[in-house]
Amino acid sequence: MAHTFRGCSLAFMFIITWLLIKAKIDACKRGDVTVKPSHVILLGSTVNITCSLKPRQGCFHYSRRNKLILYKFDRRINFHHGHSLNSQVTGLPLGTTLFVCKLACINSDEIQICGAEIFVGVAPEQPQNLSCIQKGEQGTVACTWERGRDTHLYTEYTLQLSGPKNLTWQKQCKDIYCDYLDFGINLTPESPESNFTAKVTAVNSLGSSSSLPSTFTFLDIVRPLPPWDIRIKFQKASVSRCTLYWRDEGLVLLNRLRYRPSNSRLWNMVNVTKAKGRHDLLDLKPFTEYEFQISSKLHLYKGSWSDWSESLRAQTPEEEPTGMLDVWYMKRHIDYSRQQISLFWKNLSVSEARGKILHYQVTLQELTGGKAMTQNITGHTSWTTVIPRTGNWAVAVSAANSKGSSLPTRINIMNLCEAGLLAPRQVSANSEGMDNILVTWQPPRKDPSAVQEYVVEWRELHPGGDTQVPLNWLRSRPYNVSALISENIKSYICYEIRVYALSGDQGGCSSILGNSKHKAPLSGPHINAITEEKGSILISWNSIPVQEQMGCLLHYRIYWKERDSNSQPQLCEIPYRVSQNSHPINSLQPRVTYVLWMTALTAAGESSHGNEREFCLQGKANWMAFVAPSICIAIIMVGIFSTHYFQQKVFVLLAALRPQWCSREIPDPANSTCAKKYPIAEEKTQLPLDRLLIDWPTPEDPEPLVISEVLHQVTPVFRHPPCSNWPQREKGIQGHQASEKDMMHSASSPPPPRALQAESRQLVDLYKVLESRGSDPKPENPACPWTVLPAGDLPTHDGYLPSNIDDLPSHEAPLADSLEELEPQHISLSVFPSSSLHPLTFSCGDKLTLDQLKMRCDSLML
């Protein structure tokens with residue numbers, strides 16, 4: 001089975017070889033291409049190329065119809081009609097160039113005849129910088145060199161090493177790019193001073209070249225292996241006692257060390273001789289991570305350094321902190337007796353902390369008493385406490401690690417903005433790039449030389465004034481008037497910036513708002529309430545979230561317009577203040593529904609409007625608008641009512657509007673039994689009116705006339721229209737009218753004189769037949785024309801007082817007619833009921849005397 005398989009394999013290989021030979025032969029079966037002087041030429045040489053057809057391989061056996069074409073790669077460079085073609089070619093480039101000869105017949109495709117490759121190159125240059133090295137005591141010798149320029153031809157390199165006792169080692173390399181060869185032999189330190197010679201030779205078709213011989217000894221070419229097993233040890237956990245350990249080969253005489261902090265690019269170098277694998281380092285920093293590397297060498301002057309060892313990373317021990325904390329503070333009044341102190345400080349640098357800071361110690365002291373009031377331990381970089389507003393206070397802050405504490409930083413608590421003359425002037429904040437703000441100011445008005453330092457403070461602006469917002473600050477020398485702040489600066493965030501000028505125990509400050517980048521706010525304020533206050537409205541709103549403000553706000557705008565109105569809205573622009581969240585508006589009209597909304601503005605533009613709220617002012621209109629016209633109307637009415645003519649017309653109108661129950665007539669005495677029984681007596685007593693008015697004596701204490709009460713239901717008097725006094729033509733009537741005149745003035749103002757005269761005459765006629773005396777006439781009144789009736793003759797039954805003037809004598813009718821003309825015609829316009837009044841209750845018993853009864857033309861009065 002094995003013999004069969006082996007035979008098949010040999011047969012397969014034979015077939016493949018025959019096919020390749022056949023293909024080679026068939027490639028040029030129609031002709032040949034020859035190149036002279038050679039297929040390999042030197043750069044810049046000329047070659048002759050000949051293409052010839054074999055017998056009977058042309059076109060139809062006619063040579064004139066044979067067209068031979070010569071191609072250089074795919075480009076035609078020459079052609080000829082016949083059996084052969086000769087062409088001379090120059091200027092060939094470095095490398096390989098392919099030429100192909102083809103036959104072209106009429107009405108047929110071109111037929112390939114044969115081809116040839118021409119190799120253009122240069123002779124090898126002399127190899128340079130030949131060097132040999134043996135890595136470690138147990139390594140092998142290897143050499144490197146520089147080839148020079150590329151020959152573009154097949155080149156063979158031969159490396160030869162000769163040693164003592166005619167020892168020779170040789171190694172070849174047939175790679176065109178060969179520049180390294182390893183002999184694979186090891187030189188031993190038995191003869192460290194023995195010389196060895198190395199040489200390399202390059203050979204190709206155009207020539208050869210050899211390097212200069214390189215002579216060296218064992219110590220020259222042996223490179224030690226890098227040190228290994230590196231470690232470090234700190235004695236008593238002290239950075240001042242640090243020892244580095246490593247391991248080396250036995251023949252190493254010299255070492256070099258390099259080390260650096262892990263965050264640094266610069267190395268510290270140390271050379272040590274006969275270190276024997278250890279070295280003490282004295283300049284390391286506490287609590288710092290270092291990177292260590294070591295290299296070795298066999299001889300001080302001969303040989304080469306080993307490669308650097310692998311890095312060792314280690315952290316040094318802690319030490320007591322150095323430096324002092326940078327402390328700043330804020331003060332805020334709580335009430336009349338207390339204040340809040342917030343302390344802030346920056347972390348120490350790594351070189352100052354010299355370890356991990358475990359905590360900070362804060363000591364608050366009242367300077368007057370001199371004793372420590374508060375001591376606190378905190379792990380944060382801020383601390384807040386409440387102290388009295390009285391007294392002088394100082395604070396000290398120090399940092400502590402596992403080895404100790406730093407020196408305390410002491411500051412006196414004072415009012416940083418108390419001295420107005422120390423306040424920096426013309427403070428400005430401008431954007432300086434993406435995350436930087438340039439703050440500039442002018443020295444205070446007070447002597448600038450008094451300023452010891454400036455402090456620039458900044459923090460994110462929060463509407464609520466949150467004291468938990470991180471505080472940032474930097475200190476500047478007194479001759480500086482600008483500062484570039486970049487720590488914790490973000491785009492589209494507004495910062496409250498303060499510049500303090502400090503001088504001893506005094507300070508002055510100025511503030512401004514600034515941002516590194518801004519654009520229009522993303523939203524407007526949200527109106528949460530609208531209230532009415534004394535004819536105006538108070539609008540309250542929620543502040544825009546900080547992340548939507550997109551920079552420092554400059555103004556708020558309040559817009560309003562009438563609901564369902566297409567007119568342009570009115571607006572009110574309010575300068576932005578951090579603590580403001582309400583604003584009054586007093587230009588709205590009452591009982592009109594308005595739509596209100598708000599926007600906010602930055603230096604980049606205006607935000608979209610916030611929510612809309614409707615509101616209608618329901619309060620009273622402006623009272624001055626009603627008081628002023630009312631006063632004017634009252635003055636005009638008083639002026640009108642003060643005229644006599646208008647008063648008379650008004651009284652007539654009031655009499656017409658008087659209720660019906662107020663104008664009920666008094667019972668007429670003419671209808672009484674007494675008047676009907678003695679009509680003759682009444683007629684006999686007729687006297688002229690003029691005589692009655694002239695000769696009427698003044699009564700002196702008349703006896704009361706007893707009259708039975710016949711008014712079972714008397715209407716109460718609610719209104720007393722004015723009646724006039726009696727006319728004063730005679731002295732006898734003046735005394736009788738005195739009491740009645742007083743009563744009339746107490747009821748109302750006197751009516752016009754004409755009405756008084758008419759009324760007086762009417763009353764005289766009504767009572768002309770009655771005598772208010774006793775039964776017998778007195779002798780002192782002999783001239784009295786009245787008829788005297790005895791008391792016994794008076795009727796004992798009920799009677800009525802006369803009120804009908806129609807029964808009077810005829811000679812007095814004209815007087816009655818004239819009185820009727822003066823009285824206004826009765827018009828019943830009253831809206832008051834006349835039948836629902838309660839009876840008038842008299843307190844005079846069963847009898848009503850005339851001294852208790854006073855009768856007027858329009859009312860009955862007791």
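Yeah, the Cβs are placed from backbone N, Cα and C, and that goes for glycine too.
The feature compositional bias 'Basic and acidic residues' is assigned by Swiss-Prot to 728-744.
Take the CB of N48 (N-linked glycosylation site) and look out to 10 A: across all protein chains shown you find 12 other CB atoms. Under the heading N-linked glycosylation site, Swiss-Prot lists N48 (among others), citing sequence analysis as support.
Residues or ranges marked as N-linked glycosylation site by Swiss-Prot on the basis of sequence analysis: N129 (among others). In sequence order, T144, W145, E146 are the residues near N129 (N-linked glycosylation site), counting only same-chain partners six or more apart with C-beta under 8 A. Secondary structure from DSSP puts N129 (N-linked glycosylation site) in a beta strand.
Residues annotated as N-linked glycosylation site in Swiss-Prot: N166 (among others). Of all Cβ atoms in the protein chains displayed, 6 besides its own lie within 10 Å of the Cβ of N166 (N-linked glycosylation site). For the recorded site, N166 (N-linked glycosylation site), the DSSP three-state label reads helix.
Per Swiss-Prot, the feature N-linked glycosylation site maps to N195 (among others); the stated evidence is sequence analysis. Counted within 10 Å of its Cβ, the other Cβ atoms near N195 (N-linked glycosylation site) come to 13, all protein chains included.
What Swiss-Prot lists as N-linked glycosylation site is N271 (among others). Neighbour density for N271 (N-linked glycosylation site): within 10 A of its CB lie 11 other CB atoms from the protein chains shown.
Marked as N-linked glycosylation site by Swiss-Prot: N347 (among others). N347 (N-linked glycosylation site) carries neither a helix nor a strand DSSP state and counts as coil.
For N376 (among others), the entry in Swiss-Prot reads N-linked glycosylation site, with the evidence type sequence analysis. Long-range Cβ neighbours of N376 (N-linked glycosylation site) (same chain, at least 6 residues apart, Cβ-Cβ under 8 Å): Q361, V362, L364, W383, T385.
The annotation N-linked glycosylation site is assigned in Swiss-Prot to N480 (among others). According to its DSSP assignment, N480 (N-linked glycosylation site) is coil. Counting only same-chain residues six or more apart in sequence, the Cβ atoms lying under 8 angstroms from the Cβ of N480 (N-linked glycosylation site) belong to Y454.
Taken from Swiss-Prot, the feature phosphotyrosine covers Y800.
Taken from Swiss-Prot, the feature region 'Required for STAT4 binding' applies to 796-801.
Under the heading motif 'WSXWS motif', Swiss-Prot lists 305-309. Using DSSP to sort the residues of the motif 'WSXWS motif' (305-309) gives these counts of helix, strand and coil: 0 helix, 0 strand, 5 coil.
Summarising the annotation, Swiss-Prot assigns signal peptide to 1-23 and lists sequence analysis as the type of evidence.
As annotated by Swiss-Prot, topological domain 'Cytoplasmic' applies to 644-862, with the evidence given as sequence analysis.
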Quickly jot the same-chain residues contacting the motif 'WSXWS motif' (305-309) by Cβ under 8 Å, restricted to those at least six beyond its ends, or write none.
223-228, 230, 246, 256, 258, 293-297
Within the same chain, the residues at least 6 apart in sequence whose Cβ is under 8 angstroms from that of N347 (N-linked glycosylation site) are A353, I357, T381
Can you tell me which of the glycosylation sites N48, N195, N271 is spatially closest to N166 (N-linked glycosylation site)? Compare CA atoms only.
N195
Cα distance (Å, whole number) from N271 (N-linked glycosylation site) to N195 (N-linked glycosylation site)
29
Alpha-carbon distance [N271 (N-linked glycosylation site); N48 (N-linked glycosylation site)] in Å
68
What average pLDDT is reported by the model for the topological domain 'Cytoplasmic' (644-862)?
47
